[in-house]
């Protein structure tokens, strides 16, 4: 498979993994390793990045193996998102940022206007910007035109496990994009991840589907395989759907009984 390219970085794995809500730090570490992910995302507001005396998951990982993708979860305005992003960058962890500006506490759907504003401000400051957005086709294009390095449309609401609700819109976003499209949020199981990749997505970001599973480590491995299978299937090119049957064996030369 081809490498996933985001800005100046290249990755072998197309699975991006969130680091929240695992049963324990040990399970989290095992799941991260089982997933094969090379990009790990975390909420800056939930990390003690400037308090070394406080435990956090970064302490138990070999950071030479991973690229960290801080996110601005908790931000309600563009200005809040920018402040959080600056805090992450000041820690020296990474220059990539996942822009997340929530517009509705009940659905956790992103605020399109504030997301666009935050992305523009952060791009001006030299960040590598990956905005979390809805499956709005026009907004996705506007974010790309702004200069975002990848687009991250949601499959369904965060943590809902509903899978891909609108595959048509996702396919439109993917078709028109000239930057990576990473399906983010709502993935419930391996079939959802595989479908996202079969649609042509460049990657999948998930968290709750693994951390909330009965066996997070086993689910992490399942997601790894699903993303790989979906991408291989997309690159191979599936057969077109037809209304009627088509024999899989050649009919030439068959004797008449």
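Here the Cβ of each residue, glycine as well, is placed from N, Cα and C on the backbone.
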Can you tell which of 126, 147, 159, 237 Swiss-Prot lists as binding 1-deoxy-D-xylulose 5-phosphate with 185, 186, 207, 208?
-> 159
1-deoxy-D-xylulose 5-phosphate site, defined by 159, 185, 186, 207, 208: further same-chain residues with Cβ within 8 Å of the Cβ centre | 18, 157, 158, 160, 161, 187, 206, 209
Taking the binding-site residues one at a time (207, 208), which has its Cβ surrounded by the most other Cβ atoms within 10 Å?
-> 207
